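**Q** Quick one: the structure is below, and I'll ask about it shortly.
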């Protein structure tokens, strides 16, 4: 008997790299999108940590009044933030090499642009990597579609909104109290709470939380016992098994009796599509709302108070909301503007600024 041995052709270094990048046997899948995601997210994370701890004050309003955001300049975890780049920079791309010195770059808030741009590229690539891994494994592509909701929301507040407002100084600060400040100012300038797209987003997030809790509790309460009473139910299941872990008929029957029959799903695919689509569509709408308000297509406003036949104001909840928004706007950039833009321009409009008399 004759045995023929043929030497295996050695793959080039590039081919080995390609096989490693696209291999689904790695503990963590890299993928071609990952080759860009990993360095950009590492860069954004590193710069964010350094800036959050030690960045000097930033002239955010462009009026030579720097705002300190780092821990070493007196902030704590709650009040600290990476302060957005200066209004003097506007929408200009401001990498380190565009500044005359590192001190100038820090003073004008260069780290904010560095973090935001690398972060956005990183999460875009993470979404692409989700699609790539699904493709390699023969899965359907809906995971990356669902992830597009938070990606679109981040893009709206970090990129679209500053573009619409004309300056990256209007972007969301990278910190806890900075995020709240951004929300309050957004309400003051755009009346976002009265925008229907934001209302859909609230319904999506809160509704998604409710449906998630309902689904999780129903499934956990209707597990099929495959073990004896003295063993843990966990021993009755294995990852990837073909059999159902829980009894959807029992869950459907329980929920149908708790509310009414047609409030419950009896089809697992329809149920899980609903659980995925509800919050995703809601967050998509919120991102679209922020993106349109970026160009000042704002929420509903009721700036004209209701008047009686004598010209007296009939107070409504809209008047309370208007007064709150004006108060927010007065506090915002108080050294850059003498008055809120609503009060400083245009014809005078009757607004209820007097409290009704309380008899009692």
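Each residue, glycine too, has its Cβ placed from N, Cα and C.
Pasting the feature list from Swiss-Prot:
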| type | residues | note |
| --- | --- | --- |
| TOPO_DOM | 1-31 | topological domain 'Cytoplasmic' |
| TOPO_DOM | 54-110 | topological domain 'Lumenal, thylakoid' |
| BINDING | 118 | chlorophyll a ChlzD1 binding site |
| TOPO_DOM | 135-142 | topological domain 'Cytoplasmic' |
| SITE | 161 | site 'Tyrosine radical intermediate' |
| TOPO_DOM | 162-191 | topological domain 'Lumenal, thylakoid' |
| SITE | 190 | site 'Stabilizes free radical intermediate' |
| TOPO_DOM | 219-270 | topological domain 'Cytoplasmic' |
| TOPO_DOM | 296-360 | topological domain 'Lumenal, thylakoid' |
**Q** By Cβ count within 10 Å, point out the most packed of the recorded positions listed: 118, 190.
**A** 190
**Q** Have a look around residue 161 (site 'Tyrosine radical intermediate') and count the other CB atoms within 10 A of its CB, chains all included.
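**A** The answer is 22 other Cβ atoms.
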**Q** Give residue numbers and ranges for long-range contacts of the topological domain 'Cytoplasmic' (135-142): same chain, 6 or more residues beyond its ends, CB-CB under 8 A.
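**A** Result: 22, 24, 29, 31, 276.
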**Q** Which residues, given as numbers and ranges, are at least 6 beyond the ends of the topological domain 'Lumenal, thylakoid' (162-191) yet have a Cβ under 8 Å from it?
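**A** Counting only partners 6 or more residues beyond its ends, the topological domain 'Lumenal, thylakoid' (162-191) has Cβ contacts under 8 Å with 48, 52, 60-62, 69, 77-87, 89-91, 109, 112-113, 115-116, 290-291, 293-296, 298-301, 321, 325-329, 332, 340-341.
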**Q** Rounded to an integer, what is the Cα-Cα distance in Å between residue 161 (site 'Tyrosine radical intermediate') and the residue listed as 'chlorophyll a ChlzD1 binding site'?
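**A** Residue 161 (site 'Tyrosine radical intermediate') to the residue listed as 'chlorophyll a ChlzD1 binding site', Cα-Cα distance: 17 Å.
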**Q** Express the distance between the Cα positions of the residue listed as 'chlorophyll a ChlzD1 binding site' and residue 190 (site 'Stabilizes free radical intermediate') as a whole number of Å.
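**A** Their Cα atoms are separated by 28 Å.
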**Q** Mind looking up the mean pLDDT for the topological domain 'Lumenal, thylakoid' (54-110) in the predicted model?
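**A** Across the residues of the topological domain 'Lumenal, thylakoid' (54-110) the model's pLDDT averages 93 on the 0 to 100 scale.
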